[in-house]
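Listed in Swiss-Prot for this protein:
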- Cys44-Cys59: disulfide bond (DISULFID)
- Cys51-Cys68: disulfide bond (DISULFID)
- Cys58-Cys86: disulfide bond (DISULFID)
- Cys70-Cys84: disulfide bond (DISULFID)
- 1-20: signal peptide (SIGNAL)
Amino acid sequence: MMKVLVVVALLVTLISYSSSEGIDDLEADELLSLMANEQTRKECIPKHHECTSNKHGCCRGNFFKYKCQCTTVVTQDGEQTERCFCGTPPHHKAAELMVGFGKKIFG
């Protein structure tokens, strides 16, 4: 039974990894606009750091590239601004948890 769970976890991880790469390819047009504005950076943005000005500059985690996650913040003046940070999406967290659990069990 545990072998089946580990195989399923590995399949979920591989599918999530390939889908994250596919999503990155779909966002290529946004990347081209960033390159046109010469905002490319050689250094990546670490996890939990702000990525508002460079939404494609997040570093790579253990298994997946961090994604720039944005929220709308309302200031005391009532102005709405968008704030973004590099983080791990929930489905990537679940896949990493399953792989980590499998590594602890099977060495």
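For all residues, glycine too, the Cβ spot is worked out from N, Cα and C.
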Inset, instruction - Taking the Cβ of Cys51 (disulfide bond) as the reference point, list residues of the same chain whose Cβ is under 8 angstroms away and which are at least six residues distant in sequence. - result: Ile45, Gly57, Cys58, Cys68, Cys84, Phe85, Cys86
Inset, instruction - For Cys84 (disulfide bond), just count the other CB atoms lying within 10 A of its CB, please. - result: 19
Legend entry - Least surrounded among the disulfide-bonded residues, given as Cys59, Cys86, when other CB atoms within 10 Å are counted: Cys59
Inset, instruction - Please report how many Å separate the Cα atom of Cys59 (disulfide bond) from that of Cys70 (disulfide bond), as a whole number. - result: 16
Legend entry - Least surrounded among the disulfide-bonded residues, given as Cys58, Cys68, Cys70, when other CB atoms within 10 Å are counted: Cys70
Inset, instruction - Measure from the CA atom of Cys70 (disulfide bond) to the CA atom of Cys44 (disulfide bond) and give the result in Å, rounded to a whole number. - result: 17
Legend entry - Cβ-Cβ neighbours of Cys44 (disulfide bond) (radius 10 Å): 16
